[in-house]
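Novice: Sharing the record's features from Swiss-Prot:
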| type | residues | note |
| --- | --- | --- |
| BINDING | GLY63, TRP65, ASP83, ASP99, ASP124 | S-adenosyl-L-methionine binding site |
| ACT_SITE | LYS164 | active site, proton acceptor |
Amino acid sequence: MTGKKRSASSSRWLHEHFSDKYVQQAQKKGLRSRAWFKLDEIQQSDKLFKPGMTVVDLGAAPGGWSQYVVTQIGGKGRIIACDLLPMDPIVGVDFLQGDFRDELVMKALLERVGDSKVQVVMSDMAPNMSGTPAVDIPRAMYLVELALEMCRDVLAPGGSFVVKVFQGEGFDEYLREIRSLFTKVKVRKPDSSRARSREVYIVATGRK
């Protein structure tokens, strides 16, 4: 911390983080992040992943979701993952490092998907948070709109979409947009999601 004292809020966050039971379980199990548990809860209720599927993972680093999905889709399945940050390799995951908002990165990602029939698009993307909702929510909504655009481009009929969304301005409109594209849409707040967080997960199945 370059010799400076931590702020009260950052110290509180660190204490909360390391005393979090899901963080502790992730460390014990050798998991990459507590996000593994969120996706496990969603899978238990919605049964999105099956052996042999092709899955796109947006905002993948450090790899918690990809690490989980590999256990569900098996050796014949395939994950195409993307993140601005680096990610250590995972067997069965084709990782592209780059900014998903960049047109060239989007093009490279689509090339990796190729002619594959994608059964699930999942997005855990989030912007760097400033703590100011008027700034953070529009940035977050832009990312989830891009994720939905990816669904339009690559998701097979009958496919599924799971996306982290921060509740706030634009949320209801985005939910309506998803409902127009999928036959069944649920809003989930996993137990492993921190209670005070604005995040929820939209789980949409049955791409029209």
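These residue numbers are counts, starting from 1, taken along the chain as shown.
Cβ coordinates come from backbone N, Cα and C, glycine included.
Situate these features within the shown structure.
Specialist: Secondary structure at ASP124 (S-adenosyl-L-methionine binding site), as computed by DSSP, is coil. Contacts of ASP124 (S-adenosyl-L-methionine binding site) defined by a Cβ separation under 8 A and a same-chain sequence distance of 6+ are given as ALA35, ASP57, LEU58, GLY59, ALA60, GLY64, TRP65, LYS164, in order along the sequence.
For the recorded site, LYS164 (active site, proton acceptor), the DSSP three-state label reads strand.
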Novice: Kindly assign TRP65 (S-adenosyl-L-methionine binding site) to one of the three DSSP-derived states: helix, strand or coil.
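Specialist: DSSP assigns TRP65 (S-adenosyl-L-methionine binding site) to helix.
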Novice: Tell me the Cβ neighbour count for LYS164 (active site, proton acceptor), meaning other Cβ atoms within 10 Å of its Cβ, over all protein chains shown.
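Specialist: I count 24 other Cβ atoms within 10 Å of it.
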Novice: Count the other Cβ atoms sitting within 10 Å of the Cβ of GLY63 (S-adenosyl-L-methionine binding site), across every protein chain shown.
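Specialist: Excluding its own Cβ, the number within 10 Å is 24.
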Novice: Just to verify: the residue among ASP83, ASP99 with the fewest other Cβ atoms within 10 Å, which of the binding-site residues is it?
Specialist: ASP99
